[in-house]
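Feature list (source: Swiss-Prot):
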REGION    1-242  region 'Interaction with target proteins'
REPEAT    57-77  repeat 'LRR 1'
REPEAT    78-99  repeat 'LRR 2'
REPEAT    100-117  repeat 'LRR 3'
REPEAT    118-139  repeat 'LRR 4'
REPEAT    140-157  repeat 'LRR 5'
REPEAT    158-179  repeat 'LRR 6'
REPEAT    182-203  repeat 'LRR 7'
REPEAT    205-228  repeat 'LRR 8'
REGION    243-250  region 'Linker'
REGION    251-545  region 'E3 ubiquitin-protein ligase catalytic domain'
DOMAIN    253-545  domain 'NEL'
ACT_SITE  Cys337  active site, glycyl thioester intermediate
Amino acid sequence: MLPINNNFSLPQNSFYNTISGTYADYFSAWDKWEKQALPGEERDEAVSRLKECLINNSDELRLDRLNLSSLPDNLPAQITLLNVSYNQLTNLPELPVTLKKLYSASNKLSELPVLPPALESLQVQHNELENLPALPDSLLTMNISYNEIVSLPSLPQALKNLRATRNFLTELPAFSEGNNPVVREYFFDRNQISHIPESILNLRNECSIHISDNPLSSHALQALQRLTSSPDYHGPRIYFSMSDGQQNTLHRPLADAVTAWFPENKQSDVSQTWHAFEHEEHANTFSAFLDRLSDTVSARNTSGFREQVAAWLEKLSASAELRQQSFAVAADATESCEDRVALTWNNLRKTLLVHQASEGLFDNDTGALLSLGREMFRLEILEDIARDKVRTLHFVDEIEVYLAFQTMLAEKLQLSTAVKEMRFYGVSGVTANDLRTAEAMVRSREENEFTDWFSLWGPWHAVLKRTEADRWALAEEQKYEMLENEYPQRVADRLKASGLSGDADAEREAGAQVMRETEQQIYRQLTDEVLALRLSENGSQLHHS
């Protein structure tokens, strides 16, 4: 390998010139480009990598994260991969015709050069692109999310994965499938798309199109729902949302959004308290969430809802940990879809109750802790059911499906954390038969699985550590003794039985299974012992209808 030295000169009879005059041309141009560096640019490092790439005839050139404002005009002609992401580039030079993969994310590009004919992967998310050049037929994957693109060129038949989230697209491209076997997944979330072309139905049923958070007209939604509900439908799965796609980036100060939930005589003190939290992470989005929550069906129609929210906010003000958790949960729920906000409110109430249980609120009330655990178990099963339901739908807003099961079964399954009303149940695709089946499944699994689930539940472990320290310590000792003495042999036996001895991935999976079985055995024994003692004292029952 030839030595690398950014600062060496090329004498008239240098070794490089005797091999190829091309080296001298490249090196001279790169050295000149290096001398034009702006403050903060690492052009010396870039030139070092360029020369190394050329001398070694490498097919990869990585110039990412060097704070470069430009690239030299003459890149090594043999490269198939170019990574210039996370710089300050406003344009790219002519690209080598050999290039197959281009990574130029998180720059300031306003346009792209002509794309090489063999390009397979184009990753230019987080730039300032307003349009794209013609796309080569070889292109397989493309990420153009977080740009300013208003329209797309024709999509190559080979394109499998397209991410175009958060642009200014007003329409989808035409889709022509024919007998093409390619399974596609295209993301057009958070654009300005108001209608869907009929050509979308040309895609195969294994394909997925994501168009959430777009201002789709009610006519477009109804037409698509009618088409995709037909028994003869064989088109793609389409993910949408009832959000109109108009994201309101304006928000009022956190303290103002919070005090609006309180009676006037408390607002001054509340405002003073919450001013201290204005700069906490996700405070702005939490403020926006509170304003959106006030406009939900539950806020308008449910008696005592405002008082419930105010009481919850008081608890948040008293606990930095709970506030941090809640701000994070609410961070993605400020879209204008009302039911998304409602589902987030459900999750926030779950977060509160689980936090309270972990902090000791139910240490002396095992019956209440069991009831809470039972509700969390039921919600977990409903999420599994909703996830399975989503897979059966061709035109689906996942938020509406998840919320539908919680809302419509809130009374029958005694779900205290679930809102009792939702706005868009009609588009959820959840039927009365789905609800009956879900209720029966929850009750069946609860009867057979709840105690095992409860014995592994984190808040229950926190209670045991505080209130049954000796029993907990003994259980931990038994667990580690079993892991030390039996774990290796049990894993080996399992691998041998499946014919996977020596397989590292299988060993990790078998180890996790043995660990879970060990914990299940130890903690179930401890749980049965403690519950038998506590429930016999207060007359509570483990099984609950």
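Using N, Cα and C of the backbone, Cβ positions are placed for all residues, glycine too.
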Restricting attention to the repeat 'LRR 8' (205-228), give the mean pLDDT.
81
For the repeat 'LRR 3' (100-117), give the DSSP counts of helix residues, strand residues and coil residues.
0 helix, 3 strand, 15 coil
By DSSP, what is the split of the repeat 'LRR 2' (78-99) into helix, strand and coil residues?
0 helix, 3 strand, 19 coil
